[in-house]
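Going by Swiss-Prot, these are the annotated features:
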type: DOMAIN; residues: 1-141; note: domain 'RNase H type-1'
type: BINDING; residues: Asp9, Asp133; note: Mg(2+) 2 binding site
type: BINDING; residues: Asp9, Glu47, Asp69; note: Mg(2+) 1 binding site
Amino acid sequence: MKHVEIFTDGACKGNPGKGGWGALLRMGEHEKEMAGSEKETTNNRMELMAAIRALEALKQPCRVTLHTDSKYVLDGITKWIFGWQKKGWKTADNKPVKNEDLWRALVDAVRPHKVEWVWVKGHDGHPENERVDKLASDAALAA
């Protein structure tokens, strides 16, 4: 199984407002940058979109190390999701899960792969995180 490193970030100009996401996929020497935007969105939705689109870009099942600076994405997919699914997409206090559509899409995007989730501190000089932050910010400005 091939190993792919993925770095993701989301950005929003206003929250809600114009938003963008960026992703960097790296397999050995090969790299691919991706970005996208929405006119009316939130930062959390863009963080989720970055991970979803990056995973969907993989053409075969892979071992993935996915780096994100979003505790929302990291905690959501590694901790909270199991309870949400058990409770019919309700939170611990029985409210509907925000961004359920994207959480469901992320679950589907993860399914074929073996994903290790890694948190990286944002805006701390991490080169790949800085790259995807710029991709996301540029995409948000262009939305």
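Just so you know, the numbers here start at 1 and follow the chain as drawn.
Every residue gets a Cβ built from N, Cα and C, even glycine.
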Task = Rank the binding-site residues Glu47, Asp133 by the number of other Cβ atoms within 10 Å of each Cβ, and give the residue at the low end.
result = Asp133
Remaining residues near the recorded Mg(2+) 1 site, that is with C-beta within 8 Å of the centroid of the site residues Asp9, Glu47, Asp69 = Thr8, Gly10, Met46, Ala50, Thr68, Ser70, Val73, Gly122, Asn129, Val132, Asp133, Ala136
Key: Counts by DSSP class (helix H/G/I, strand E/B, coil) across the domain 'RNase H type-1' (1-141)   = 56 helix, 48 strand, 37 coil
